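J.: Quick one: structure below, then a few questions.
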């Protein structure tokens, strides 16, 4: 991962031309597209990147030292980030991280995006990583700044998101003295990170950063935290860039390419099956092309988890869309009736399986995953392969193409059976006059963007409707807190995705409860003029909890109304007025007939925009398999207007 000094110097020199002269290193314009990992940029609206004026050359060099001259530890840290390919960080300053921010102002490469809360910046780093495949980097000060990262780190661990979080710490001599803003963040985050470091020697910084990025992005991706005391940041040293990583045990345990014999065994099971199903998760986010080719060669229908949305196109005839608690009837039917379950890049999460004993009870199970800890953890497979799913699919496809026999079994009867389920049990909802069904609003958004926008969500009913009613066509198009279920994720994640995909329309489909948790990040999308559209499905309630109250608690309301109890007829808080306070255009709609024109205007307006859509709180997300239930327990109708 380390580059030669000459190559690094050349890269930094080229990048410096683009960055030199930016004040405070914050972008105040829509950025021109640059190379990235992932799908090609798609513009869903009239928004076009604005090319900034050419900056004047600096009066003095940003870094007035030579390669062999000493510099502060904070500058070594920033140079190490540059050598790992970092161009964007999400950092909020404080006393213990000031040196890092000062060093960032001397970087010719890295831009800082100043979110207004550390949780917001960390969710933005997650959105950046999810939407690009690159490592997201966030920086916070010690104490409360560091602890504000906790939810985002836990979220990244559960959803396998590559992140590096860097925290300032009190000076080494003060550690353990309960100094001002001292928190043992390494201990706090030990169980919610893939690995973490406390740097006690300035000379370790190049190696530690190199290792942190390797750990975050290799194997099963995840978050890594690096805690750096302030005196280490201030200490002068000459960096040694050719230091090798010291991870012998970890590297030795990384999965190897799958054995041909195991892949042949999988294909034999495919050949023997009559009702196979592919169960695809977030572990396939880097192997969309290989997955589509495998499906083309075999004709096996595909269902995805919440994390797997987009890894196989939702509009493909062989797509069964999402399975699980709020998955389609036909996806859950297919898993229940299947004789072979190919589980690729999944972890048999409880929201997918329900009653684990009843899940795929008729099927032989093949589980391929890069994390050995997931194999057999929840459901025992008949065949297991611990490997990168991308390599496994490449191997399977090669074997299928080499075969002299017919590569595609005749699953036509199975296809017809599932097509009948699709016709009999489509996703649907009821309409009540001019009330706006939230599902309808998402369908209109899908139609007007042609299913090409990047979608971020908060957590709740709106999240499930966005999963059900938007058409995801490619990996990294869907961004949501799946494992942790962290409200407040949507807006900052959308902003991070926009940074990673300049000029591309990103829509945060949010609920009023989730949106309010990180509403302050409207400031960032306005200041940087990011084309982030916020579409709030506002029912004045904590909708998913209300749904459970309706179904399982005799509709007894227990602190789930989020409006003003003294005047329930008003919309409270007034998101339109709040957005305008951030200088963001905003509109509220209350009638179904207004929705299409309002969404069209939102998409056509350059820069950020907020659309507040008032929806009924009685709507339920359906289908629904109750927690711990099985396919036979699926609920297909009813809402909050019904007495149970």
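Just so you know, glycine gets a Cβ as well, placed from its N, Cα and C.
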J.: Which is it, of 26-46, 47-67, 68-88, that Swiss-Prot names as region 'Disordered'?
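T.: The range carrying the region 'Disordered' annotation in Swiss-Prot is 47-67.
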J.: Once near-sequence residues are set aside, which residues in the chain of residue 284 (disulfide bond), 6 or more away, have Cβ atoms under 8 Å from its Cβ?
T.: 291, 308, 311, 312, 344, 345, 389, 475
J.: What does the DSSP secondary structure composition of the region 'Thiamine pyrophosphate binding' (461-541) look like, as residue counts for helix, strand and coil?
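T.: Looking at the region 'Thiamine pyrophosphate binding' (461-541) with DSSP, the answer is 35 helix, 16 strand, 30 coil.
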J.: What is the number of other Cβ atoms found within 10 Å of the Cβ of residue 118 (thiamine diphosphate binding site)?
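T.: Here the count is 26.
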J.: Could you check the binding-site residues 220, 337, 382 and say which one's CB has the most other CB atoms within 10 Å?
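T.: Answer by Cβ density within 10 Å: 220.
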J.: When neighbour density is defined as the number of other C-beta atoms within 10 angstroms of a residue's C-beta, which of the binding-site residues 388, 512 has the lowest density?
T.: 388
J.: In the predicted model, what is the mean pLDDT computed over the region 'Thiamine pyrophosphate binding' (461-541)?
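T.: Mean pLDDT across the region 'Thiamine pyrophosphate binding' (461-541) comes out at 98.
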